[in-house]
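Visitor: I have a structure here, written as structure tokens, and I will follow up with some questions on it.
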Amino acid sequence: MAKSIESMLEILDFYLFNTGDIASDRRSGTTVTLRNNCGYTVWAGMYARTKSNPRYVPPSGGGWHMSPGQVVNIPVPNDLVAGRWWGRTGCRTTNGHFHCDTGDCGPWLDCGNHHSTGEPPASLAEITLNSPQDFYDLSLVDGFNIPLTLKPTSRYGGGNAYWCKEAYCRTDMNAICPSELQKVVNGRVVGCKSACVAFHRDEYCCAGAHNRPQTCNPATWPKDYHAVFKNPCPTAYSYAYDDHTSTFTCQNTNYDVIFC
């Protein structure tokens, strides 16, 4: 799911669970709840498609102004594919155009209306539903802008460490970001770029000759930028092939996306 800002999780056969009260709720849709726990305004963005509609437009056009403490409930279809949520910061309207310091999706508040994703660096929450179970992750593959947590609201069955658990990066990476990865606006660090975004080199982007797990190995990088993100945020994707420690599954549940 987190291979890059353009890539999406492989789509499996569509399947809906149809037993129990929660499953009944899922037949009518799933709710993703956004919570702004930051001490500042966040402009949430959403991009997604569905198996039945590749041009799906999210509620409110996929853009929300969220004051500190605000909660927004977003109903989404049960065949949601590669749903992405992120928080934009430092947003303002200038000469009729809406722009943000981080997570910008062009001159629009409503990213989903324009099928636009957030400009890196931006912390991403990603969810695909019912394929045949839910897959979700928190991605820093393209960098970090604000702390983020993604978690299911209910847990079912046993599973392992990646079954219905929360994915998170609660550390303020901007405060510890190496200078060569920093995004600076007006003298302030507002984001921490991934090595791929900062340097555009195939070895960091898992591209070209490095486009397989066997050939994209942070241990062989000139500098292990993977560790810059993975050590403080161990459940988040830190590079494209970080699947084994960063992909979570669940079923028959709603989700919380928590900023800060």
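Even glycines carry a Cβ here, placed using N, Cα and C.
Because TrEMBL annotations are produced automatically, they should be read as predictions rather than curated entries.
Here the structure is a predicted model, which means the values were calculated and not measured.
In case it helps, TrEMBL gives these features for our protein:
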type	residues	note
DISULFID	Cys38-Cys260	disulfide bond
DISULFID	Cys91-Cys100	disulfide bond
DISULFID	Cys105-Cys111	disulfide bond
DISULFID	Cys164-Cys250	disulfide bond
DISULFID	Cys169-Cys233	disulfide bond
DISULFID	Cys177-Cys192	disulfide bond
DISULFID	Cys196-Cys205	disulfide bond
DISULFID	Cys206-Cys216	disulfide bond
Visitor: Are there any residues at least 6 positions away along the chain from Cys216 (disulfide bond) with a Cβ closer than 8 Å to its Cβ? List them or say none.
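Guide: Expected: Glu203, Cys206, His210, Tyr239, Ala240, Tyr241.
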Visitor: With Cβ-Cβ distance below 8 Å and at least 6 positions apart along the chain, what are the contacts of Cys260 (disulfide bond)? List them in sequence order.
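Guide: Non-local contacts for Cys260 (disulfide bond): Asn36, Asn37, Cys38, Gly39, Ile146, Pro147, Leu148.
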Visitor: Provide the number of Cβ atoms within 10 Å of the Cβ of Cys205 (disulfide bond), excluding the reference atom itself.
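Guide: Its Cβ shell of radius 10 Å holds 22 other Cβ atoms.
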Visitor: Using Cβ atoms only, which residues of the same chain lie under 8 Å from Cys177 (disulfide bond) while being at least 6 residues apart in sequence?
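Guide: Non-local contacts for Cys177 (disulfide bond): Phe144, Val189, Cys192, Val228.
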Visitor: So among the disulfide-bonded residues Cys91, Cys105, who's got the most Cβ atoms within 10 Å?
Guide: Cys105
Visitor: Around the C-beta of Cys111 (disulfide bond), how many further C-beta atoms are within 10 angstroms, looking at every protein chain?
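Guide: Other Cβ atoms within 10 Å of Cys111 (disulfide bond): 27.
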Visitor: Which whole-number value in Å describes the distance between the Cα atoms of Cys205 (disulfide bond) and Cys250 (disulfide bond)?
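Guide: Just about 28 Å between their Cα atoms.
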Visitor: Please report the Cα separation of Cys233 (disulfide bond) and Cys111 (disulfide bond) in Å, rounded to an integer.
Guide: 27
Visitor: Return only the integer: C-alpha distance in Å from Cys250 (disulfide bond) to Cys169 (disulfide bond).
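Guide: Answer for this pair: 19 Å between alpha carbons.
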Visitor: Find, for the listed disulfide-bonded residues Cys38, Cys164, Cys196, Cys206, the residue with the lowest Cβ contact count at a 10 Å cut-off, counting only other Cβ atoms.
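Guide: Taking Cys38, Cys164, Cys196, Cys206 as the disulfide-bonded residues, the minimal 10 Å Cβ count falls on Cys38.
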Visitor: Rounded to a whole number, how many Å is the Cα of Cys164 (disulfide bond) away from the Cα of Cys111 (disulfide bond)?
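Guide: Roughly 28 Å, rounded to the nearest whole number.
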Visitor: Highest CB neighbour count within 10 A among the disulfide-bonded residues Cys192, Cys233?
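Guide: Counting Cβ neighbours within 10 Å, the top one is Cys192.
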Visitor: Which one is it, among the disulfide-bonded residues Cys100, Cys105, Cys196, that lies nearest to Cys169 (disulfide bond) by Cα separation?
Guide: Cys196
Visitor: If we check Cα distances from Cys196 (disulfide bond), which of the disulfide-bonded residues Cys91, Cys100, Cys111 wins as closest?
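Guide: Sorting the disulfide-bonded residues by distance from Cys196 (disulfide bond), the top entry is Cys100.
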